[in-house]
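Notes to accompany the following structure.
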């Protein structure tokens with residue numbers, strides 16, 4: 001410790017900034033020089049879980065809460081008005097909102113640029129359903145990065161003049177409900193915003209527009225409108241966007257999709273089981289235009305795909321594949337796409353996979369998470385689930401060079417599909433197979449690994465492809481072309 005004590009104050013303050021506030025406090029007993037370092041620490045990380053124990057009785061909880069409040073007050077008092085760069089506060093065990101908001105205002109007044117809040121105002125003496133954060137936070141001139149996590153409802157203060165965070169570049173919100181009004185007006189409060197992540201999000205209106213000229217990275221993990229209802233329309237006017245992670249109930253329309261610079265997209269268009277059933281009904285294109293006609297409602301998803309057709313990397317979930325089955329004939333051509341990832345589920349079909357593969361003329365890398373999927377009469381020629389004359393035609397025309405199969409369970413159906421891929425992908429040079437690590441597999445049976453290895457070795461002899469089989473991070477076997 002003597003060597004550390006002899007370091008310059010600035011160096012010691014920098015070292016302490018990597019520790020939680022409670023651990024920093026322990027150093028203050030070493031000497032007066034360590035006590036004075038509080039003012040030099042530009043980063044504070046405060047976590048009430050290090051103080052509070054929910055299993056204690058009510059009286060004990062109240063006493064410990066007060067000691068936590070006293071500790072935070074003391075820490076902020078020691079720092080006085082010294083500048084602070086980052087303030088992280090995890091406070092989820094019922095601290096009164098007056099205390100929390102006072103701490104937030106303290107660091108705002110000192111010019112904090114990075115604010116990370118994980119809070120819950122479920123105080124025993126408070127009956128409010130909404131968590132009211134201090135108004136000063138919504139008009140800060142110094143905030144560059146803001147992260148809010150909350151299990152309840154957060155009321156986003158707009159005020160008479162509206163929210164104004166002119167320096168904010170990164171915003172992350174994870175809450176069951178955020179009261180903010182129209183999305184377009186909400187985003188106009190952040191003129192230089194570059195990164196936005198919204199989790200557990202519910203749209204306030206049935207017609208919404210995500211509009212930002214500066215946004216480069218966008219993640220929306222939504223739950224549709226109130227009561228889990230599909231939005232009527234969602235528009236994206238984000239001309240500078242490079243990355244999109246969009247997970248939400250599929251909207252009935254996508255009138256505007258302005259994403260000309262987009263490079264990577266992860267799309268999860270969530271559909272309910274009853275909607276899937278109606279999508280698969282025979283002659284569904286003859287159905288009348290009514291509220292229950294999901295074919296007409298979701299057919300406009302092709303507008304979303306048209307808007308992202310310049311991307312280089314695309315990941316699609318099993319639900320998304322089902323929705324895309326409605327627009328196979330109008331699927332855009334993805335001329336720049338190099339990497340395609342698809343996720344399969346046994347209750348969802350592959351009807352859209354052949355159209356996707358045909359419309360990716362420069363595809364190099366295909367990732368398939370799970371081979372097992374729902375077999376239908378529209379399953380297409382990408383798999384060998386149904387005997388057909390044109391089986392494998394979409395694969396033969398696909399230029400993919402590398403295929404990665406994740407979540408392999410060792411079933412005969414999967415083994416047959418792997419053989420189908422090796423025979424049909426004419427340009428394939430490499431295939432990696434990764435077993436399922438969480439769910440049940442056939443590998444629990446004696447001799448299963450050896451049997452799979454034997455079959456894969458036979459497949460390898462009929463292909464011009466290197467095949468490797470990895471088990472829990474270790475190379476189980478690799479066969480190379482001769």
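Cβ coordinates come from backbone N, Cα and C, glycine included.
Residues or ranges marked as domain 'F-box' by Swiss-Prot: 1-47. The repeat 'LRR 1' annotation in Swiss-Prot covers 122-150. Marked as repeat 'LRR 2' by Swiss-Prot: 175-200. Among the features that Swiss-Prot reports, repeat 'LRR 3' is placed at 222-248. Summarising the annotation, Swiss-Prot assigns repeat 'LRR 4' to 313-344. Taken from Swiss-Prot, the feature repeat 'LRR 5' covers 345-370.
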Residues of the repeat 'LRR 3' (222-248) by DSSP state, where helix covers H, G and I: 0 helix, 14 strand, 13 coil
Three-state composition of the repeat 'LRR 5' (345-370), taking helix and strand from DSSP: 6 helix, 6 strand, 14 coil
Rounded mean pLDDT for the residues that make up the repeat 'LRR 3' (222-248): 92
DSSP-assigned states of the repeat 'LRR 4' (313-344) in counts, ordered helix, strand, coil: 10 helix, 9 strand, 13 coil
